[in-house]
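The structure appears right after this line, and notes come after that.
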Amino acid sequence: MFLVYVFLLQMCFLPHIGFSSHCTVETSTKTFQKCMNLPTQQASIAWTFYPHNSTLELVFFGTFISPSGWVGWGINPTSSEMTGTRALIAFSDPTSGQIVLLPYILDPNVKLQKSPLLSRPLDIHLISSTAAIYGGKRATIHNGAPIQIYAKFKLESNKTKIHLVWNRGLYVQGYSPTIHPTTSTDLSSIATLDVLSGSSARQHTDLTMLRVIHGTLNAISWGILLPMGAITARYFRHIQSLGPAWFYAHAGIQLFAFILGTVGFAIGIHLGQLSPGVEYSLHRKLGVAVFCLGALQTLALLFRPNARNKFRKYWKSYHHFVGYSCVVLGFVNVFQGFEVMGASRSYAKLSYCLGLSTLIGVSIALEVNSWVMFCRKSKEEKMRREGLIGTSDKGNNGIHT
């Protein structure tokens with residue numbers, strides 16, 4: 001059942017951040033030679049490259065995420081990052097309501113939000129550009145409205161690789177597009193493409209799979225297995241018929257969870273190294289805190305005092321505090337991870353919530369049972385002290401309650 005849950009959770013991650021199903025070389029006015037799905041936002045491109053004069057015709061297929069939003073794409077002449085991109089951005093003209101396509105240069109001040117993004121001529125050889133919404137002149141911008149942004153420009157001689165950047169945002173203030181969402185998929189909307197061969201860099205595909213593995217391992221380890229280990233220790237240690245089996249189960253589950261979590265944590269560190277400029281401060285700090293607490297819990301097993309040792313009560317207090325802190329922070333960071341991945345309304349989150357709800361339901365049932373047993377034993381002890389029942393009646397205590 002555990003392996004089935006792992007498989008289902010991983011499959012739920014994939015559709016959300018995967019590629020769109022197909023691309024097309026056809027538009028209503030033109031047929032292109034090649035097409036390619038882009039790794040984020042279900043976007044795609046089609047293009048024709050003319051090697052004899054280094055001219056590139058390219059159309060970008062994207063979608064709006066807000067009636068007042070914007071969609072854009074561009075080329076970075078020097079590197080695969082947003083800063084320095086020469087972009088074409090489409091949105092609704094605040095005066096006429098018609099689609100307008102304007103050129104922008106994304107300098108560092110824009111990335112740092114020190115100044116609004118203002119339209120200005122591009123310093124690349126742009127020959128022509130247009131934008132159109134599906135549905136003709138009567139089509140309107142709405143959430144999910146598809147748009148085509150076409151451009152024709154001349155590349156440098158003997159240069160066939162371009163750094164493509166694309167994105168979309170929720171609002172436009174006047175003629176200044178505001179910042180786009182900052183989920184991991186939105187920040188990864190970059191690809192390097194060879195327009196002659198049609199090949200693209202695999203980095204973003206690899207990053208997508210690493211994010212899926214990172215999210216799956218951490219959700220299962222810190223968000224499912226660790227609480228299961230805590231439940232095992234809290235509710236099964238008092239069952240005398242189990243003997244020391246509860247301890248071995250508790251230690252085994254926690255150790256397995258920590259190993260999985262360590263792998264997930266290492267992948268997260270590696271993802272940070274592969275994504276310069278992409279930083280999720282809260283998610284990272286919570287991740288480091290959870291990992292450190294998990295490591296302290298694992299090390300505590302090596303320094304566990306004997307039951308008769310006078311320091312045992314202090315060790316238990318430490319063990320409980322660190323353990324429950326790790327569980328709570330693990331829950332918080334798993335949900336923070338869903339936000340980072342832009343999966344706050346995904347089936348992956350739903351699957352995790354179902355698993356977590358099951359754990360909570362089991363915990364509540366076991367907690368109620370523990371209190372019932374505690375109250376029953378307390379009542380029996382009181383009656384025994386008052387002489388209402390004898391020690392020989394222990395096996396028949398149900399008759400006297």
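These residue numbers are counts, starting from 1, taken along the chain as shown.
Cβ coordinates come from backbone N, Cα and C, glycine included.
The signal peptide annotation in TrEMBL covers 1-20.
According to TrEMBL, the feature domain 'DOMON' maps to 41-169.
Annotation source TrEMBL lists domain 'Cytochrome b561' at 176-375.
Per TrEMBL, the feature transmembrane segment maps to 212-233 (among others).
The heme b binding site annotation in TrEMBL covers His214, His250, His283, His319. Of all Cβ atoms in the shown protein chains, 19 besides its own fall within 10 Å of the Cβ of His250 (heme b binding site).
Using a Cβ-Cβ cut-off under 8 Å and counting only residues 6 or more beyond its ends in the same chain, the transmembrane segment (245-271) has close neighbours at 207, 210-211, 213-214, 216-218, 220-222, 225-226, 228-229, 232-233, 236-237, 239, 284, 287, 290-291, 294-295, 297-298, 301. What TrEMBL records for 245-271 (among others) is transmembrane segment.
Here TrEMBL flags 286-305 (among others) as transmembrane segment.
For 317-335 (among others), the entry in TrEMBL reads transmembrane segment. Same-chain residues lying 6+ beyond the ends of the transmembrane segment (317-335) with a Cβ under 8 Å from its Cβ atoms: 218-219, 222-223, 226-227, 230, 283, 286-287, 289-290, 293-294, 296-297, 300, 349, 352, 356.
Positions annotated as transmembrane segment by TrEMBL: 355-375 (among others).
Of all the binding-site residues listed here (His214, His283), it is His283 whose C-beta has the fewest other C-beta atoms within 10 angstroms. Under 8 Å from some Cβ of the transmembrane segment (355-375) lie the Cβ atoms of residues 5, 9, 223-224, 227-228, 231, 234-235, 238, 331, all in the same chain and six or more residues away from its ends. Of all the Cβ atoms in the protein chains shown, 16 others lie within 10 Å of the Cβ of His319 (heme b binding site).
Averaged across the domain 'DOMON' (41-169), the predicted model reaches a pLDDT of 87.
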